[in-house]
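**Student:** First the structure, which I've put down as structure tokens, then a few questions once you've had a look.
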Amino acid sequence: MTRNRLRSTPVPGHRDEYTGVDFNLGFHVRSYVLDLNYRVGPNRLTSVATLQLDNWAPLSSLTLDLAAGMRVTQVTGSGTAGQNIVVSKFRQSGGKLRLKFREEIPVDSEFSLTIRYSGTPRPIRSAWGEIGWEELENGSLVASQPCGAPSWFPCDDTPDEKARYEITVTADSPYSVIANGTLISKKVSGSRTTWHYRVEHPMATYLATVQVGEYQQLELGEAAGTAVRAWVPAQLKTQASEEFVQQADMLALYSRLFGPYPFDDYTVVVVEDELEIPLEAQGLSVFGANHIRGDHAWERLIAHELSHQWFGNSLGLAQWNDIWLNEGFACYSEWLWFEHADNIPAAESAREFYGELARKPQDLLLSDPGTRDMFDDRVYKRGALTVHALRTMLGDEAFFRMLHRYISVGRHAVVELVDLKREVLQESRKLGIPDSEVDTLWTVWLDQRELPAFPA
Ligand SMILES: [Zn+2]
């Protein structure tokens, strides 16, 4: 059985060793059309999800990820080439929606599934706390990394399965609804408003989001042809304009260093509640009221979240053990911002955090940190130091040329370590750096626990 996915290496086994979730094998979801009806007060979701699929294995049954709290009432199938796709049975167990077809679907068919479901969406408990759809004081947010998407829609919840989306949300009119992609229409009907968003660029399930709240829009300028805006509670408008005053400059800098901004626009949402950390989604980031005090205490993370649009969102991960490819580059992007804005060389930031790392336990493998340490700060900092080691080895000109190519080749797809290694070799060989020196760099930073010497 072939495992035809975006990734270049085979799917390892039948279960995601990081999330503990069994893979849904045999098919690919091309698109999700999510039609959500949401009531803020009772936190009640009534939805229809239509998934467009194709299958790379014959299917007499299939599974999707969906939290138990979302109760499915009807599933219908339809073949796009006039095939008769009949769902004979469905049931929910173990976080899965399990479907059986009356007749086996031959390989390479195209078909759709329409799933009606409803419930009170709640975050999913995970090794990293509660993730997914979360009720706020006055509204809701979605932050799903890494496996919270099934809290609000049936999906193939694995980072290497990117798809296109239409997200339509109907909510009471005082509320604004912000989702990924471009707002196509906004229609008022009685006391309710329907917001329709379209995501043209392939998106991983964990990056799909819906933000509902009493927000006002704030224009934050434009950079490299990309509009930057915020949605904020009215009482936080002044602080937000101050806090995000450099957001467009950050976008301009990263567009220069990493290549064109990968999406249509960039939006930040500020919720009324306090959040432990800001959260990333495709095309937008979410901050808590506590991050917006107007004192620039969180400038580092405002830059960090923006850089995830390149590292993590456009260049997705094939598997979670490569998390440093997201977080190492995002953390290094913070240092690049301060290098640009405050003339603090990245080497100085690197030196500071190297010192911090040296005082912490050296029991983590960057290439495979494991479930518990996946979001450990050491992954971020050691990841950024690995990027710094590459820059030190290659020099600025070759380093940024390599980075541009890595980002351009992996755009709107998924990347793995082999992709980065290939681009690095292309530059290192031109410079006459022996392959063995490059191999050593990878080994000491990624595959050994002990902290290597500071890159100089
Ligand atoms: Zn991050």
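Keep in mind that glycine also has a Cβ here, set from the backbone N, Cα and C atoms.
Look at TrEMBL and you will find E305 tagged as active site, proton acceptor. Among the features that TrEMBL reports, active site, proton donor is placed at Y380. Taken from TrEMBL, the feature Zn(2+) binding site covers H304, H308, E327. Annotation source TrEMBL lists domain 'Aminopeptidase N-like N-terminal' at 32-207. Among the features that TrEMBL reports, domain 'Peptidase M1 membrane alanine aminopeptidase' is placed at 250-445.
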**Student:** Which whole-number value in Å describes the distance between the Cα atoms of E327 (Zn(2+) binding site) and the residue listed as 'active site, proton acceptor'?
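**Tutor:** E327 (Zn(2+) binding site) and the residue listed as 'active site, proton acceptor' have their Cα atoms 10 Å apart.
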**Student:** Near ligand 1, which of the recorded positions E305, E327, Y380 have CB less than 6 Å from any of its atoms?
**Tutor:** E327
**Student:** By the DSSP assignment reduced to helix, strand and coil, which category contains the residue listed as 'active site, proton acceptor'?
**Tutor:** helix
**Student:** Among the recorded positions E305, E327, which residue has its Cβ surrounded by the fewest other Cβ atoms within 10 Å?
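**Tutor:** Minimum Cβ neighbour count within 10 Å, taken over the recorded positions E305, E327, occurs at E327.
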**Student:** Which three-state DSSP class does E327 (Zn(2+) binding site) fall into?
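**Tutor:** Once the DSSP labels are grouped into three classes, E327 (Zn(2+) binding site) ends up as helix.
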**Student:** For the recorded Zn(2+) site, enumerate neighbouring residues of the same chain (Cβ within 8 Å of the Cβ centroid of H304, H308, E327, site residues themselves excluded), in sequence order.
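**Tutor:** Neighbours found: E280, E305, S307, F311, G312, N326, F329, A330, C331, S333, Y380.
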**Student:** Compute the C-alpha separation of Y380 (active site, proton donor) from E305 (active site, proton acceptor), stating it in Å without decimals.
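**Tutor:** Y380 (active site, proton donor) and E305 (active site, proton acceptor) have their Cα atoms 13 Å apart.
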**Student:** Return the count of C-beta atoms lying within 10 angstroms of the C-beta of H304 (Zn(2+) binding site), excluding that atom itself.
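**Tutor:** Its Cβ has 25 other Cβ atoms within 10 Å.
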